[in-house]
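*Asks:* Residues or ranges marked as domain 'SAM-dependent MTase RsmB/NOP-type' by TrEMBL: 126-425. Annotation source TrEMBL lists S-adenosyl-L-methionine binding site at Cys234, Ala235, Ala236, Pro237, Gly238, Asn239, Lys240, Asp258, Asp285, Asp305. Look at TrEMBL and you will find Cys359 tagged as active site, nucleophile. Look at TrEMBL and you will find 447-456 tagged as compositional bias 'Basic residues'.
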Amino acid sequence: MALYAAAAAVLAGVESRQGSLKGLVYGSNFQNVKQLYALVCETQRYSTVLDAVIASAGLLRAEKKLRPHLAKVLVYELLLGRGFKGRGGRWKPLLDRHQARLKAELARLKVRRGVSQNEDLLEGGSKPGPASQVPRFVRVNTLKTCCEDAVDYFKRQGFSYQGRASSLEDVRALKGKCFLLDSLLPELLVFPARTDLHEHPLYQAGHLILQDKASCLPAMLLAPPPGSHVIDACAAPGNKTSHLAALLKNQGKIFAFDLDAKRLASTATLLARAGVSCCELAEQDFLEVSPSDQRYRQVQYILLDPSCSGSGMLTRQLEEPGTGVPSQERLRALAAFQQRALSHALTFPALRRLVYSTCSLYQEENEDVVRAALQQSPAAFRLAPVLPSWPHRGLGTFPGAEHCLRASPETTLTGGFFTAVLERVEVPSSVSQAEASAPEVTPNPAPKRKRRRRKATAAPSSQPGM
């Protein structure tokens, strides 16, 4: 009944009060009962969507006198209905104050769910959410083994190797003990969703790293050749650091920073188990690291994955769906830190390639941060066009934003993620032109599904390798 009263009030352009429904429906200010019924039905149909948008926009917190049912009808009419062009009555000032924020939150909701149409936001009953369908990605640690040996080990355990995936449909079709080689990353194996490998001997010995595909993109796109000096600006928990070390083949140097002592200790344990020997860990704020320090004079590659809202993390989507929406104050604080960190990273004199990434879905932490950094160094750095076939691109908030990559359970069958590659327009004089061309990422040939019989290898030791 309250929703009918609110809908009638919106259509009549007057404030609804308890007991005034009959007057609103049949009074001189409102004649079309069918229009009222349609508005109520559509508002109810989009109820979950409207609740999410209203909550993330903080509408009821900002307008404490606004009743929830009235807010829901107003927001429906503004975003999904006919709008309030040339009308709006007493609510026009309120709508004007919050219109931009509400529209932005609706756009973010579409990004998070990987849809473009309002209709696609409607939930399909008890159908499992996209996050629960994301497969188990397993990166083979090439510091300790090779992909072919890992595939053979799983085959001896009764798993069925299906070769290299050719499409997302191949991945969606995975069931039981079948597994694939990823279509893009040459050392990434793909298992059905909910495959638990935490007790697997290869994982415990550091031969395998349980790492989402989207989280593997930053190191892969940074692509430092062996012998390079690299900074991992916010290193914990260490998966990306170990990936960098594998790409370097433990040749060169990784300077890894993190302020959290406990997380840094966990990182050290992970790196030891993975056999990483080229990394120097430091409990230090990256913002306090001096670009003029002679230790970093050869750093040409930086991976910056700063603290963020974590809104794209699968664990949050699965365990706390619809909750944990950060406040605007929190987003502004995070974005300010991220922008400072990115701007600071771009001041390292020998830098020629940087990857900025987050596990956030919010524009404020992603495209906005990259745009601000590029505006500060317009002639020095540019967004590199990477992975043109990647299906989910950056939001078109500025020219070139399409070079950024986004990921989500709906569009890429991964966790929610953002990645941008910045490259120096002119290579510093201290770096030779021969070194200036970044190595291209080309997948290695997939291990054959069936070859001549191989000699069985013993299960690896569970002791951490150094």
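If you go along the chain as it appears here, the first residue is 1 and each next one adds 1.
Cβ coordinates come from backbone N, Cα and C, glycine included.
What TrEMBL says about a protein is an automatic prediction, not a curated fact.
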*Asks:* Considering the recorded positions Ala236, Cys359, which residue's Cβ sits among the greatest number of other Cβ atoms within 10 Å?
*Replies:* Ala236
*Asks:* Lys240 (S-adenosyl-L-methionine binding site) to Cys359 (active site, nucleophile): how many Å between their Cα atoms?
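*Replies:* Just about 13 Å between their Cα atoms.
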*Asks:* Roughly how many angstrom lie between the C-alpha atoms of Asp285 (S-adenosyl-L-methionine binding site) and Cys359 (active site, nucleophile)?
*Replies:* 20
*Asks:* Whole-number Å distance between the CA of Cys359 (active site, nucleophile) and the CA of Gly238 (S-adenosyl-L-methionine binding site)?
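*Replies:* Spelling it out, the Cα of Cys359 (active site, nucleophile) and the Cα of Gly238 (S-adenosyl-L-methionine binding site) are 15 Å apart.
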*Asks:* Please report the number of other Cβ atoms within 10 Å of the Cβ of Lys240 (S-adenosyl-L-methionine binding site).
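*Replies:* Lys240 (S-adenosyl-L-methionine binding site) is surrounded by 26 other Cβ atoms within 10 Å.
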*Asks:* For Cys234 (S-adenosyl-L-methionine binding site), what residues in its own chain, 6 or more apart in sequence, show a Cβ-Cβ distance under 8 Å?
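*Replies:* The list for Cys234 (S-adenosyl-L-methionine binding site) reads Phe257, Asp258, Phe286, Leu304, Asp305, Pro306, Ser307, Ala341, given in order along the sequence.
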*Asks:* Select one residue from Gly238, Asp285: among these binding-site residues, choose the one with the most other Cβ atoms within 10 Å of its Cβ.
*Replies:* Gly238
